[in-house]
Amino acid sequence: MGKEKAHVNVVVIGHVDSGKSTTTGHLIYKCGGIDKRTIEKFEKEAAELGKGSFKYAWVLDKLKAERERGITIDIALWKSETPKYMVTVIDAPGHRDFIKNMITGTSQADCAILIIAGGTGEFEAGISKDGQTREHALLAFTLGVRQLIVAVNKMDTTNWSEARFNEIVKETSNFIKKVGYNPKTVAFVPISGWHGDNMLEPSTNMPWYKGWSKEVKGSSSPATGKTLVDAIDAIEPPVRPSDKPLRLPLQDVYKIGGIGTVPVGRVETGIIKPGMVVSFAPSNVTTEVKSVEMHHEQLAEGLPGDNVGFNVKNVSVKDIRRGDVASDSKNDPAKEAASFNAQVIVLNHPGQIGAGYAPVLDCHTAHIACKFSELIEKIDRRTGKTMEAAPKFVKSGDAAIVKLVPSKPMCVESYNEYPPLGRFAVRDMRQTVAVGVIKSVEKTEGKGGKVTKSAEKAAKKK
């Protein structure tokens, strides 16, 4: 086996018709996410349905349909392998809750792949003012996804035109610069997700294309390559935050006969291990971790990115709930937030938002109404400079620093300290109306806490 490859998470963004499903499907199909048996089954069905040409997008549709029917698809289907990395495609595009998922995200993306349709008229529609592409790119940037790859798709429909590719690179560079990316650090790859050109192998249809090159932090020589897979391999590896204090937002709490209470969630930062005394915020319960397991196997420790279940003693299912955050009681334990200040970007709200507005916030696994108690300042989205102090209201397209007060106990953190607990989506009218990044949190001890016997014993042992 050798050493396991490093993992990277990519999110694929772009306009509905950019061909991102086909491209993602092709990547997963060719790079090993889907086992041969499943492919044969799909191909047979495709042939029977007269989709004999077998569209890669159809693979993705099948996976998505199964996922939406609530059949949990083995997440490996969304994985593919490149020479250097194990790649997980975080959320297949076109998914209804795409924006919410990106924020409360099952995991933070290390890189975004922006798929642009090269066809005449298509490109222009994709990045027009109200375009989805713009919203997705803005979202990725706001949420701290700093690495970007641009794939110019459907080159086959442009007769593999170099002039068209160059025109799109120029326009897209301006476009992503406005969002906040530096085009010099971005690989631009002309592809056909349908025919496979420049996906894994250099295309013979575009002899004019000499490859991409991008600046790399801390290196005087640029990174270069030919294909989309090369570009994925040139992603700078992420640093996983295992040296930070523990933060583990609960997704569920189970009661398991003969074992007891088992909270389940993803380790976002730090490490959880048996014997540790954890406290849950904002529930204010402290207890000892008896065991940690993942996929029904006991673990010596759970690391960032691991989805774990852990058994806690003397805590009932009524004491803790989804949205609570587990942390190490001896190392910067998590606390309830009395209020917090955040930079909010309004994406699509039909009216104007003023003080008193109280939508639902989705932050990590918490889903709680919060009141905009004060609009502190309106700022320039790109530079962060103040444009107006104490504005009366903000509207779509605006960025502002606001003070938020949760309607029920809630635990959040500043984005700088604990990124996964410091970004949120503002939901109203069944859509995401704004996204935010938390600047600072005013913490409170909350109501009287419960410390279990086992926690006291464990503390004495230490």
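Each Cβ is built from the backbone N, Cα and C atoms, and glycine gets one as well.
Record features (Swiss-Prot):
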type: MOD_RES; residues: Gly2; note: N,N,N-trimethylglycine
type: MOD_RES; residues: Lys3; note: N6,N6-dimethyllysine
type: MOD_RES; residues: Lys3; note: N6-methyllysine
type: DOMAIN; residues: 5-242; note: domain 'tr-type G'
type: MOD_RES; residues: Lys30; note: N6-methyllysine
type: REGION; residues: 70-74; note: region 'G2'
type: MOD_RES; residues: Lys79; note: N6,N6,N6-trimethyllysine
type: REGION; residues: 91-94; note: region 'G3'
type: MOD_RES; residues: Lys318; note: N6-methyllysine
type: MOD_RES; residues: Lys318; note: N6,N6-dimethyllysine
type: MOD_RES; residues: Lys392; note: N6-methyllysine
PLDDT averaged over the residues of the domain 'tr-type G' (5-242): 77
Listed modified residues (Lys30, Lys318, Lys392), ranked by Cβ neighbours within 10 Å, top entry: Lys30
Spatial separation of Lys318 (N6-methyllysine) from Lys30 (N6-methyllysine) - C-alpha basis, Å: 47
Rounded to the nearest Å - Cα separation of Lys392 (N6-methyllysine) and Lys79 (N6,N6,N6-trimethyllysine): 47
Rounded Cα-Cα span from Lys79 (N6,N6,N6-trimethyllysine) to Lys318 (N6-methyllysine), Å: 37
